[in-house]
Amino acid sequence: MITRYKPESGFVARSGGPDRKRPHDWIVWHFTHADNLPGIITAGRLLADSAVTPTTEVAYNPVKELRRHKVVAPDSRYPASMASDHVPFYIAARSPMLYVVCKGHSGYSGGAGPLVHLGVALGDIIDADLTWCASDGNAAASYTKFSRQVDTLGTFVDFDLLCQRQWHNTDDDPNRQSRRAAEILVYGHVPFELVSYVCCYNTETMTRVRTLLDPVGGVRKYVIKPGMYY
């Protein structure tokens, strides 16, 4: 499982690294608090926000509330659902929301240390026949669009921005922050067996994570990369 990544943004892919023409190779990232891993392991899956109450909440509640009311409808055959009915994965791990969580907000002030990135290859999501779609920006934003056309995904999202370190809005481009938060949304759940990459901020959290995950079995790549956080 050789991967290459853009350290500026945390955009990771198998083989030669992120390529707009090979979205199947992209590794997409769901971050959570290490406290939540026992519940995930017991369930055997990552569950949508609408179906789970985490042990330690890190999400920013105003955004969570918006996601509960954001309709996801990439096409007429997609299940009637809201953004909160999906398991969210960021295409570039160093997302604007990760910045908010690492720096602290009204609901969480624990910093980056206890956070865990769980990585899944988009191709594995597709091969598992899960219902998924991509957002071209923050899935909570009113103007965000959705697609499940994998062949055009590299142009549907802002690929170049997903490779860059800086994502703040500018006068000329007031939606950069949203586009840098492009997501892969998986409807309902993701079997934990699809998680093939685990990234932690420090050794302390990785030791805790390995103690929990090693008995579960499966093949996963474990890395400590503080640069994948803020």
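Positions of Cβ are set from backbone N, Cα and C atoms, glycine also.
Keep in mind that this is a model prediction, so the values were computed, not measured.
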Of the residue ranges 3-19, 54-70, the one that Swiss-Prot records as region 'NAD(+)-binding element': 54-70
Those recorded positions of H30, F31, T32, G39, L47, E183 having Cα within 10 angstroms of R67 (active site, proton acceptor): none
Integer Å distance between the CA atoms belonging to E183 (active site) and H30 (NAD(+) binding site): 10
R67 (active site, proton acceptor), number of other Cβ atoms within 10 Å: 22
Shortest C-alpha distance to E183 (active site) - which of the binding-site residues F31, T32, G39, L47: F31
Three-state secondary structure, E183 (active site) (per DSSP): strand
Max pairwise CA distance, angstrom, over record-listed NAD(+) binders H30, F31, T32, G39, L47, R67: 22
